[in-house]
């Protein structure tokens, strides 16, 4: 893995506008950063990214299978008891999932380490699957990278294939909250993939969902919603006043209820418990448990429910705060994880996001930040394969 500078396309703003990339600049700061690119060899991708992703995902599914049979685990995950049985039912029925993203730290001279699994509402999808590929095609044409360069990116192909597998004559609804540009773009992109698969689709904001007779969900025209993709956290749905309606399983949600076990930072201590010493895992433990690291080693504290680095704190071996990100999750239960520093290139720390669609590893995106904690504003940098 090498990073090098590349020229920015002179008409980048127009290209972004033409392709609906409305958030390539966030708060007057660069989000999509194509002034640099990462180069990987095919062997690095296959052995260090794709293969571990596939193995870790299967391990995660084993955790789900154990968790739905163990009330102690569900308690540690802070999942409300009201939903334990319906989550287990969702798993037994193999309610279909769509996608997820594993976040890795990789320094190049040791196996990748899994930091967390964003299995419910992962973003940076559009830029990983689509806009990054546009960059590759332009970069090859202009000669700034080898003309035979490739990219680890079959994300869009797999998404369309997955929507084909999920095809139904009933419309597929796509939902997110209002006033969230990145979420809206992600949902529109997924909706487009569904349409390419021949699936009728409709968009509705979460705030516009209605309740019909008997507690069915309806759209603004009072049509009953039977299937919906929601870029809205499962734990928020469970905590909502109407959350108990999830128990009736009238709608098919994507992501399904069993994903609440994987979209939880408590997954990390469970993986370490069931697969101790695995080369791609970091020692992790729940608050109140015996630390799984030696005295004097650095560690990270994370809320069980947290997104985009919110309320994550890094401590050194003397319990001094090294870095901290503010957020809205300070009151959530906490887990602890051995600290794995991100590789540093110049003034930036690099995080690899490895994508999974329907249980298959299929691509990646790279984020950079000037701090050790990756956030929603962290820059996205394209990659390519050569050699």
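Cβ coordinates are placed from backbone N, Cα and C, and glycine is handled just like the others.
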Among 296, 309, which residue does Swiss-Prot annotate as binding ATP together with 101, 102, 103, 265, 302, 337, 372, 373, 374?
309
Cα within 10 Å of residue 116 (Mg(2+) 1 binding site) - qualifying binding-site residues among 101, 103, 373
101, 103
Position of peak Cβ density within 10 Å, selected from the binding-site residues 118, 337:
337
Cα-nearest neighbour of residue 118 (Mg(2+) 2 binding site) within the listed binding-site residues, 101, 103, 302, 337, 373
101
Largest pairwise Cα distance, Å, within the listed ATP binders 101, 102, 103, 265, 302, 309, 337, 372, 373, 374?
19
